[in-house]
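Below: one structure, written as structure tokens.
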Amino acid sequence: MADLWQDAMDHAVAIARRAGEVVREALQDDRKVMTKSSSVDLVTQTDQKVEQLIIQSVKYKFPTHSFIGEESVAAGEPCVLTDRPTWIIDPIDGTTNFVHAFPFVAISIGFSVNKQIEFGVIYSCLEDKMYTARRGKGAFCNGEPLQVSDREDIKQSIIATEFGSSRDPEAVEKIFSSLRNVLCIPVHGVRGAGTAAINMCHVASGCVEAYYEIGIHVWDVAAGSLVVSEAGGVLMDVEGGAVDLMSRRIVAANSRTIAERIVKQIDSFSPLRDDAPPPQTL
Ligand SMILES: O=P(O)(O)O[C@H]1[C@H](O)[C@@H](O)[C@H](O)[C@@H](O)[C@@H]1O
Ligand SMILES: [Mg+2]
Ligand SMILES: [Mg+2]
């Protein structure tokens, strides 16, 4: 039977590749840096330009589809996931890396229908690696199938995480407490690529056993969640139980055993949800 969403997925791959060219070209120029929620939450004109490039091209081809885009939400668009076909876009995942030319930068596009991710496309544009996943059909990097690692012993694992862009002292305290707990299991090492999407691709590729983070957004992890699960991995909330992509908390691991072990080490907290109603102004 023909795949209902194949056309949309092909378009996502093509537009992610085009967006990657724009990002690579922009790396040759001066990058004017602006800030959003805090002085370390960075955005550039390239983030905004790439998001518009993706949204305009999708609107032209699929005029009835909806969008959740990082920079559109920052500009005041709602962040609500409905049952409608919805493109969940992070135009540059790893903006801080992009600003500093640290070589992991991704374009991340998840596509959801009935609140279920149907496909995920992550283009790691400085490595020229195109990660794709279609629900029920596996995950791939440049066309080669991906498989999570089979290590069951967390003491022989590499774990990925990030510090995020909150500098709220209580959150920072908990992030460091969790990091200490994980590091001192002990694990072989802790790493972070500086992008949630590429960290999740690393889980899917088998070079790290798990990635966890509190503070990410739905656009950081929508595509990656399917890449991980289609490569045989598992997703979990940081307190165990089912992951909720709007909750800003995630554990993505090669196995339930490793995910549950990570959960035990996490000093959890709950940032404001992505779909929380905007605060009332008097
Ligand atoms: O670079 P962006 O799209 O802002 O995403 C990053 C996020 O801002 C950070 O908080 C996370 O730690 C990174 O993992 C995200 O990829
Ligand atoms: Mg991001
Ligand atoms: Mg981004």
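Along the chain as shown, residues are numbered 1 onward.
Backbone N, Cα and C atoms are what each Cβ position is placed from, and that goes for glycine too.
Site annotation (TrEMBL): Mg(2+) 2 is bound by Asp90, Asp93, and the candidate from Asp3, Asp220, Asp237, Asp244 recorded at this site is Asp220. In the three-state DSSP scheme, Asp220 (Mg(2+) 2 binding site) is classed as helix. You'll find the Cα of Glu70 (Mg(2+) 1 binding site) roughly 10 Å from the Cα of Asp93 (Mg(2+) 2 binding site). Residues Glu70, Ile92, Gly94, Ala106, Ser108, Thr195, Ala196, Ala197, Ile216, His217, Trp219, Val221 surround the recorded Mg(2+) 2 site, their Cβ atoms falling within 8 Å of the Cβ centroid of Asp90, Asp93, Asp220, which are themselves excluded. Between the binding-site residues Glu70, Asp90, Asp93, Asp220, the minimum number of other C-beta atoms within 10 Å of a residue's C-beta occurs at Glu70. Less than 6 Å separates the Cβ from ligand 2 in the case of Asp93, Asp220, drawn from the binding-site residues Ile92, Asp93, Asp220 in sequence order.
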